[in-house]
Amino acid sequence: MSNEYFDPKLKIFSLNSNRELAEEIAKEVGIELGKSSVTHFSDGEIQINIEESIRGCHVYVIQSTSNPVNQNLMELLIMIDALKRASAATINIVMPYYGYARQDRKARSREPITAKLVANLIETAGATRMITLDMHAPQIQGFFDIPIDHLNAVRLLSNYFSERHLGDDLVVVSPDHGGVTRARKMADRLKAPIAIIDKRRPRPNVAEVMNIVGNVEGKVCIIIDDIIDTAGTITLAAKALREAGATKVYACCSHPVLSGPAMKRIEDSPIEKLIVTNSIALPEEKWIDKMEQLSVAPLLGEAIVRVHENASVSSLFE
């Protein structure tokens, strides 16, 4: 894309979570970002001002609900309300990273299902569509009664590795049983077998690698996950793979949350290179030499144009 897009009824706005990605997306579509401001009152309350007319327009709001999660979520809800009251024709949320997605079910008694609560808030505020990327639990789509376009970064990540010509002895590794479908999609693209890390998690954010299902001896392994948070799972998996005879271990993910001890764990691990997307804006202190970032702007920009033109987006899911 990247050519100028001639439709005054298409507007793209950015909030504060990932302005750089929003600018890339707008450039891919071929329009300027809409004019708006996010400020705070003296008591910390959020104030949003839309600085141009959006009456009758089809508006796309770019906002990940990453850290600070609650601040970014409230910005989004207030923006949706402002757009609704300003008579936008449609309000389309482009949320590269859907926060609270890991709270998608009751794992213990008296727990909330916060992923559902967030869906309710977004919908009640007035959103008419959601475009998102690699939700931790795809069934969260069912929490919404508005259309959801759930994209994935497998093609983007697979292309990175296929262009590196890592040899014929590739194995794609899922760090847990829940990620097997994702690993299979990448393996099919790379024409490689898969392996699975069988692990048990004794408590939140603590992972213990138990066993490797599949042959990794003498292989170059690529671990693929949706989220890397404290990096306990991914680094223990890399260590287990090397101990099982893997010659090299690469890792990739859609959403680099990278909290707490993540950076030190990755730096000290046998991971050769960690490939992430820019679904979450990373501060400078979260960058190390092992990391490389790929942009999801072309994917999201293409999705916006297709939705706006009432064209099919199904090929973007593959």
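Going from the start of the chain as shown, residues are counted 1 onward.
Cβ atoms here come from the backbone N, Cα and C positions, even for glycine.
From a predicted model like this one, the values you see are computed outputs, not experimental measurements.
What Swiss-Prot says about this one:
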ACT_SITE  LYS199  active site
BINDING   ASP43, GLY44, GLU45, ARG102, GLN103  ATP binding site
BINDING   HIS136  Mg(2+) 1 binding site
BINDING   ASP176  Mg(2+) 2 binding site
BINDING   ARG201, ASP225, ASP229, THR230, ALA231, GLY232, THR233  D-ribose 5-phosphate binding site
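Using a 10 Å Cβ-Cβ cutoff, GLU45 (ATP binding site) registers 10 neighbours.
In this structure, the C-alpha atom of ASP176 (Mg(2+) 2 binding site) lies 7 angstrom from that of the residue listed as 'active site'. For ASP229 (D-ribose 5-phosphate binding site) paired with ARG102 (ATP binding site), the C-alpha to C-alpha distance reads 11 Å. Each of the binding-site residues ASP43, ASP176, ASP225, ASP229 was scored by the number of other CB atoms within 10 Å of its CB, and the largest score is that of ASP225. Under the DSSP three-state reduction, GLY232 (D-ribose 5-phosphate binding site) is assigned to helix. A gap of 16 Å separates the Cα atoms of LYS199 (active site) and THR230 (D-ribose 5-phosphate binding site). In the shown protein chains, 29 other C-beta atoms lie within 10 A of the C-beta of ALA231 (D-ribose 5-phosphate binding site).
Considering only the binding-site residues HIS136, ASP225, THR230, the residues lying within 10 A of ARG102 (ATP binding site) on a C-alpha to C-alpha basis are HIS136.
Binding residues for ATP (ASP43, GLY44, GLU45, ARG102, GLN103) extend across at most 31 Å, taking the greatest CA-CA distance. Ranked by how many other Cβ atoms sit within 10 Å of their Cβ, the binding-site residues GLY44, GLY232 place GLY44 at the bottom.
Note: the Cα of ASP43 (ATP binding site) and the Cα of HIS136 (Mg(2+) 1 binding site) are spaced 34 Å from each other. Checking each of the binding-site residues HIS136, ASP225, ALA231, THR233 against GLN103 (ATP binding site) by C-alpha distance, the shortest gap belongs to HIS136.
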